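Student: Pasting a structure below so you can have a look.
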């Protein structure tokens, strides 16, 4: 075993979406960084759908951008269709989504990593961890190299003891075509990490030229929609394409029903729990038997390939059933399968041994991010990578940890949820998880979080000044429009009051009063409209947060002895000792902790402070 001469500040294991974000931000903060991948040709590979964003997820990507991360930038560079979802619904649930070219996404991400000062990229498969007295020292690889590091970030995705299922056939793999990582799971188990299994899946890929698009519904993109916060209109650099919608038929249901016993999921061959909000087609047919059909979305995988992703047909059926099933779908009667669908099981680590910083409680200096923490989705993984990278560097520099709160970000919601809950299914972000989602809109992420990006050294002075200028414009315009009165309809009202009417938009008001309503571009116009139209609701949510902040942010001492607090229920003592929450707010969200327990705990914390 040869030891590499550099002792890195940060070693990142895995170059998926979590690992890339962790490595990039660590290097940008001035650390010496090594990122290890078992295959450099699959850096930032989109293993499942060729898309970024969506409801809740698009909010996270905007937050990553506001903090100085790179997912938004790479998405904009490789996007081949951009949309805003839920445009007819309230502002809290509107979200950007992009169809991306899978190859271009990989190319742009790899290029960014390769050009980052202080960041070294190396091909290698990590087999074990090096630690001394529960402090991380580095990693060893299958290739016989030891790398030393002050901190290590594990972002192993679905590779830890990955097991691929296609009907009654199963074989080890991190994804189809890539080997599984077995050494890491063993290394973590030996060190006392609680590990369980989860499952996810992916649909078949088809040849576009074999599809009859004439019977499908075309779904074009929306103009001017990107992920990076910018002051100028967004013009995508790549040609834009459409997606297409079709649906299953009665024949599809019959094929699945006749072969349900051959599904790896229903045949009892899969022990891991799959994602509730992305079920397989056989799961949908069984659980929603009354539905006559299910929508299928045909999504291009790139502009230089004929392959398309069949969103909605994820399955663990054997290939012969997949073949018949595909050809029962409207427009896919002659479809040619290029890659089979499959399910994959993998190991993940329980959240009770992870701090909200994403540092392990069992080994100092070891951080975990992405699907190893039980999440599903590129966006959730990238956000965790960003947080793990920031906190790894802060640990090396002996600076305070960075933990965004759930009151100010979806990333904060996720961190809090992951470290206060035992997951029974893969964790996916959606807007309903946030208590104050009207404050956490996708359009105002830069206004909420950019000051953190600046302070961390991740956001350039120029970009921060753009965000500050936008914030100033919004505040000044809110005040000016509240003092500008015009006759509108049958009464004289302030323009701010007029904008609060449901049927009035910023654009319609600008058409009526062009001399008074200024045009700041579609993005800033929309933010200004929402800040004014929903001001009453926003103010109430801010007041509620303020009233709860004192107890929410009360810090629980690390050396508190829960077993000695006799007034706590037995379940509360067990759960608090297991999760060791850092604040009263986090403690209150642990399942099984009652309001009475929280009141007792607050008294105990205050007493502890006076001792």
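Backbone N, Cα and C define each Cβ position, glycine as well.
Owing to the predicted nature of the structure, the values given are computational and were not obtained by experimental measurement.
Heads up, here are the entries from Swiss-Prot:
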BINDING   14, 15, 16, 17, 18, 19  FAD binding site
BINDING   274-288  NAD(+) binding site
Student: Which residue, of the binding-site residues 14, 16, 17, 286, has its CB surrounded by the fewest other CB atoms within 10 A?
Tutor: 286
Student: At a 10 Å cut-off from the C-beta of residue 278 (NAD(+) binding site), count the other C-beta atoms across all protein chains.
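Tutor: Other Cβ atoms found within 10 Å: 19.
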Student: Any idea what the Cα distance is from residue 276 (NAD(+) binding site) over to residue 17 (FAD binding site), rounded to a whole Å?
Tutor: 22
Student: Which has the fewest other Cβ atoms within 10 Å: 19, 274, the binding-site residues listed?
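Tutor: Fewest other Cβ atoms within 10 Å, among the binding-site residues 19, 274, is found for 274.
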Student: Of the binding-site residues 278, 282, 284, 288, which sits closest to residue 18 (FAD binding site) by Cα distance?
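Tutor: Sorting the binding-site residues by distance from residue 18 (FAD binding site), the top entry is 278.
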Student: Do any residues at least six apart in sequence from residue 280 (NAD(+) binding site), in the same chain, have a Cβ closer than 8 Å to its Cβ, and if so which, in order?
Tutor: 201, 263, 265, 274, 314, 315, 316, 343
Student: Measure the Cβ-based neighbour count of residue 276 (NAD(+) binding site), defined as the other Cβ atoms within 10 Å of its Cβ.
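Tutor: Around the Cβ of residue 276 (NAD(+) binding site), 13 other Cβ atoms lie within 10 Å.
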Student: For residue 18 (FAD binding site), what is the tally of other C-beta atoms lying within 10 angstroms of its C-beta?
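Tutor: I get 34 for this one.
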Student: Compute the C-alpha separation of residue 288 (NAD(+) binding site) from residue 17 (FAD binding site), stating it in Å without decimals.
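Tutor: Spelling it out, the Cα of residue 288 (NAD(+) binding site) and the Cα of residue 17 (FAD binding site) are 33 Å apart.
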Student: Which one is it: of the binding-site residues 14, 15, 16, 19, whose Cα lies the shortest distance from the Cα of residue 278 (NAD(+) binding site)?
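Tutor: Out of the listed candidates, the nearest Cα belongs to 16.
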Student: Please list, in sequence order, every residue of the chain apart from 14, 15, 16, 17, 18, 19 whose Cβ lies within 8 Å of the Cβ centroid of the FAD site.
Tutor: 12, 20, 21, 22, 37, 44, 155, 157, 370, 381, 385
Student: In angstrom units, rounded to an integer, how far apart are the Cα atoms of residue 19 (FAD binding site) and residue 284 (NAD(+) binding site)?
Tutor: 33
Student: Calculate the distance in Å between the alpha carbons (Cα) of residue 286 (NAD(+) binding site) and residue 17 (FAD binding site), and round it to a whole number.
Tutor: 33
